[in-house]
Ligand code: ADP
């Protein structure tokens, strides 16, 4: 089955064309600067790349450009869009409505719409993507795959905030968690890599521009670092992560900030960017850390925050069998992995420095042979999870 995978953001859109049954990717790419001018970067064949400047006033022209690039010209990989059997959409927030990936219907769209206040940037773009695919690929099923679903197994004592209870009953204010497809994929791979198949206690650190840590017990998420929205938890590229609530109200008062301004400050101007004053990109900050005190501080804070979550999730899981690193930082930064793991011997996690520093891009074990628990680097594959769920939902419908 050929599945078109769409991850629609507010001004960009990532796509892939994949057969999940044989795990084969035919093409992938990204449309950027939608609503400004429009650039399409398309990868196809064995690493061939195309960069096209195409006018994209809205998401509709962007998806039209993708479908046309897939079917005609140099980047062509299929003869006709009729070969696409279904589209899988990455959806940011499924709230408590969705416990699994779901066939898109009018009712499903209405529920995703109702969740817009919880994901004001992402859910509207996701809905737009669904409506455009219904129009451009008529008769072909659409499936919504939610970032939040994997965490719906968290127990109530983990997902509740200690606020007045009616904030939950009235507004569903609670922890939801995100990056669900990545945490699912990586923890599932880790379970297969472990000798042990029962009572598996796995911690996944998804470290990219957005970052989160999840505790996974027997394949189920029992706690995760992001919350009602993705701003909670680890320090990220531009998001603050955990900040005392008192600091937020005090800052609003001192700076005269309204809700939109404080939300922007905590989501777009904080994190690695806010501390380093240089960049949200960890690579750039790592390169400058020896001469720049604020870059050094940013790196130390990033690693320390991850380590604190790892330690607390070892406690939440009553021990650990595998600690996994994934995402751009988790897969590539041996230094961050090293700082996080230093001193965790008592928890059974002993990093092998030689294995950690080997430059490889496959799934691998970087713990010493005698380490009680494993430490894995596992490249994530969120698109595969979206394509596979789409395939399964369509087959069952
Ligand atoms: P996204 O969350 O947008 O998918 P990625 O998973 O690609 O992002 O992660 C981007 C982050 O990974 C950036 O902070 C980038 O600097 C970092 N990164 C990528 N390669 C390396 C590397 N070799 N060393 C350190 N950080 C890296």
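Backbone N, Cα and C atoms are what each Cβ position is placed from, and that goes for glycine too.
Record features (TrEMBL):
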BINDING   7, 382  Mg(2+) binding site
BINDING   14, 206, 207, 208, 209, 210, 281, 282, 283, 328, 329, 330, 331, 332  ATP binding site
BINDING   90  substrate binding site
ACT_SITE  147  active site, proton donor/acceptor
SITE      179  site 'Transition state stabilizer'
SITE      239  site 'Transition state stabilizer'
Rounded inter-Cα distance in Å - residue 209 (ATP binding site), residue 382 (Mg(2+) binding site) = 15
Are any of 90, 239, 329, 331 (the recorded positions) within 10 Å of the residue listed as 'active site, proton donor/acceptor' when you go C-alpha to C-alpha, and if so which?
-> 90
Near residue 283 (ATP binding site), how many other Cβ atoms are within 10 Å of its Cβ?
-> 12
Counting other C-beta atoms within 10 angstroms, the emptiest spot among the recorded positions 14, 90, 179, 239 is 14
Spatial neighbours of residue 382 (Mg(2+) binding site), counting only the recorded positions 14, 239, 281, 283, 329, 331 and Cα distances within 10 Å = none
Inter-residue Cα distance where the pair is residue 207 (ATP binding site) and residue 239 (site 'Transition state stabilizer'), in Å | 13
Which residues in the same chain, at least 6 apart in sequence, have a Cβ under 8 Å from the Cβ of residue 7 (Mg(2+) binding site)?
-> 13, 14, 15, 89, 90, 386
Cβ under 6 Å from ligand 1: qualifying binding-site residues of 90, 209, 281, 283, 329, 382 = 209, 281, 283, 329
Within the same chain, the residues at least 6 apart in sequence whose Cβ is under 8 angstroms from that of residue 329 (ATP binding site) are 207, 208, 211, 282, 302, 336
If you measure residue 331 (ATP binding site) to residue 179 (site 'Transition state stabilizer') at Cα, how many Å is it?
-> 16
Alpha-carbon distance [residue 179 (site 'Transition state stabilizer'); residue 283 (ATP binding site)] in Å = 22
For each of the recorded positions (147, 281, 331, 382), count the other CB atoms lying within 10 A of its CB, then report the residue with the highest count.
-> 147
How big is the gap, in Å, between the Cα of residue 281 (ATP binding site) and that of residue 179 (site 'Transition state stabilizer'), rounded to a whole number?
-> 19
Around residue 207 (ATP binding site), how many other C-beta atoms are within 10 angstroms of its C-beta?
-> 26
Count the Cβ atoms, other than its own, that fall within 10 Å of the Cβ of residue 209 (ATP binding site), considering every protein chain shown.
-> 16
